[in-house]
Amino acid sequence: MKNINNGFFLCMLLLLWCFVHSGISIDPFSPSDSLKTECVMKPPRSSETKGLLQFSRSVEDDSDEEWKIDGSGSIREMTQRIQLHEGNIYSFSAWVKLREGNNKKVGVVFRTENGRFVHGGEVRAKKRCWTLLKGGIVPDVSGSVDIFFESDDKEAKISASDVSLKQFSKQEWKLKQDQLIEKIRKSKVRFEVTYQNKTAVKGAVISIEQTKPSFLLGCAMNFRILQSEGYRNWFASRFKITSFTNEMKWYTTEKERGHENYTAADSMLKFAEENGILVRGHTVLWDDPLMQPTWVPKIEDPNDLMNVTLNRINSVMTRYKGKLTGWDVVNENVHWDYFEKMLGANASSSFYNLAFKLDPDVTMFVNEYNTIENRVEVTATPVKVKEKMEEILAYPGNMNIKGAIGAQGHFRPTQPNLAYMRSALDTLGSLGLPIWLTEVDMPKCPNQEVYIEEILREAYSHPAVKGIIIFAGPEVSGFDKLTLADKYFNNTATGDVIDKLLKEWQQSSEIPKIFMTDSENDEEEVSLLHGHYNVNVSHPWMKNMSTSFSLEVTKEMGQRQVVRVVINA
């Protein structure tokens with residue numbers, strides 16, 4: 001039986017028209033397409049008309065043609081190959097359905113000339129209705145590829161409609177990102193300054209200063225920050241949100257049963273609070289059997305294990321109630337199932353339930369790795385992470401949990417697959433819950449700074465992503481993958497990228513002052529990043545005419561906002 005390492009059975013696509021530069025394709029940046037997950041009776045027609053590859057099979061319900069996954073694993077149809085070019089990004093889309101079975105995973109796989117399989121995206125397909133499958137590939141070398149459908153069911157029969165592969169240069173992709181950023185991260189604000197009789201105040205001057213950005217690019221910290229004043233100064237001058245790498249974890253705070261020690265975590269939290277830095281909790285429990293306190297796996301009695309686990313949840317969540325922005329309640333509970341094996345299938349869901357009762361206002365994450373990174377293994381795919389969150393929220397008493405998805409983002413030292421990453425974020429975002437990238441890093445490699453910038457911009461340009469935390473720091477911090485500064489706190493190339501993005505994603509302090517006129521043009525309108533602002537209105541000729549107020553610019557207020565200021569004079 002032919003398979004690849006993950007055990008999925010493959011079915012090769014017969015490429016009917018290999019280089020047709022027209023046809024229907026899905027725009028990976030379209031807001032209407034990005035979160036589309038419903039199953040439809042007939043695939044909708046897209047306004048996009050340019051695709052490198054375009055074909056359909058089995059569009060009609062009564063057709064006998066479909067992609068059949070042969071039980072013997074043999075490939076029964078030869079293919080003409082598609083030529084891909086290094087430096088381009090290829091976005092794949094197809095509407096798929098099952099002719100037999102229901103709710104099975106269907107994915108797209110690219111096989112390169114050297115026999116490597118690149119997982120390109122996946123969905124849960126259904127019978128008798130169509131689901132949109134999206135993904136793609138960013139080739140690290142030029143060459144030809146074969147395109148496959150994959151399924152976890154060897155008997156699957158897959159119908160495909162409007163299969164498309166669309167090519168973007170990196171410049172075109174970034175232009176799309178920038179256009180989307182203008183829509184999802186900014187709003188245009190128009191100021192109207194009038195007297196009480198509603199006549200305009202000509203010559204008024206409006207000054208604007210951002211006090212808090214809506215989107216936060218943060219950085220993890222560890223205990224070494226308590227030992228280095230330079231590390232503390234470096235951190236506080238840059239970041240407004242953090243998480244602690246190990247200091248809140250169970251194996252750190254209770255190394256011996258019954259002997260809790262929160263000294264390091266408390267001290268780090270105090271530093272953060274003194275410097276206006278928000279803290280994201282990591283982690284209450286960890287479902288990996290190898291990541292427990294050394295004494296926990298020695299407990300054989302399930303009742304005893306339940307007691308110490310509940311004590312841990314109560315202890316850490318009560319201690320930090322109201323002090324954190326979020327919690328990884330059961331870390332990596334798609335990859336691992338230690339507590340489920342020991343305490344029952346609903347262990348994770350019940351722990352989220354208890355956590356919700358202890359701190360109902362904190363955001364609670366399902367936090368996983370290899371979800372957006374496009375690794376070979378397929379344990380915590382976007383579909384499975386989405387299903388885990390749905391399972392937790394469906395547990396009795398959990399419907400009002402403030403849920404969120406944590407995509408860790410431990411990328412390999414190679415060109416990231418941005419097309420796959422965007423499709424993965426689409427799948428996760430279809431839940432309607434916020435997504436955070438929580439542990440972004442990458443081993444040292446040539447072009448690390450380029451790849452990290454591409455990853456962070458991809459996340460920032462996706463509407464479902466609400467924040468990012470990188471696992472990085474200066475040399476003294478011990479972060480040996482993403483090292484942002486040397487021992488003298490001089491930036492590395494990757495450090496320069498982070499500083500550039502911090503400046504770009506926080507409203508510049510050099511916002512031009514607005515001078516009110518009686519014209520009908522947009523001189524009084526300014527494009528502002530979402531966030532909190534202090535606004536001052538004054539007049540150069542009327543010294544007593546001055547007023548200040550706070551303003552929050554939000555996505556919910558729309559693309560254009562009007563702020564009316566009435567002057568008593």
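Backbone N, Cα and C atoms are what each Cβ position is placed from, and that goes for glycine too.
Feature annotations, reproduced from Swiss-Prot:
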SIGNAL    1-25  signal peptide
CARBOHYD  Asn197  N-linked glycosylation site
DOMAIN    209-500  domain 'GH10'
CARBOHYD  Asn261  N-linked glycosylation site
CARBOHYD  Asn307  N-linked glycosylation site
ACT_SITE  Glu332  active site, proton donor
CARBOHYD  Asn346  N-linked glycosylation site
ACT_SITE  Glu439  active site, nucleophile
CARBOHYD  Asn490  N-linked glycosylation site
CARBOHYD  Asn536  N-linked glycosylation site
CARBOHYD  Asn544  N-linked glycosylation site
Recorded positions near Asn536 (N-linked glycosylation site) (Cα-Cα within 10 Å), from Asn197, Asn346, Glu439, Asn490, Asn544: none
Closest of Asn197, Asn261, Glu332, Asn346, Asn490 to Asn544 (N-linked glycosylation site), Cα positions, recorded positions only: Asn197
Cβ neighbour count (within 10 Å, all chains shown) around Glu332 (active site, proton donor): 24
Site of maximum Cβ density within 10 Å, from glycosylation sites Asn261, Asn346, Asn490: Asn346
C-beta crowding around the residue listed as 'active site, nucleophile', within 10 angstroms: 22
Glycosylation sites listed as Asn197, Asn307, least Cβ neighbours within 10 Å: Asn197
Most Cβ neighbours inside 10 Å, all chains, among the glycosylation sites Asn536, Asn544: Asn536
Cα proximity to Asn307 (N-linked glycosylation site), best match among recorded positions Asn197, Asn261, Glu332, Asn346, Asn490: Asn346
Minimum Cα separation from Asn346 (N-linked glycosylation site), reported as the residue among recorded positions Asn197, Asn261, Glu332, Asn490 that achieves it: Glu332
Nearest-integer angstrom distance between the alpha carbons (Cα) of Asn261 (N-linked glycosylation site) and Asn197 (N-linked glycosylation site): 64
Rounded to the nearest Å - Cα separation of Asn490 (N-linked glycosylation site) and Glu332 (active site, proton donor): 35
Distance [Cα-Cα, Å, rounded] between Glu332 (active site, proton donor) and Glu439 (active site, nucleophile): 13
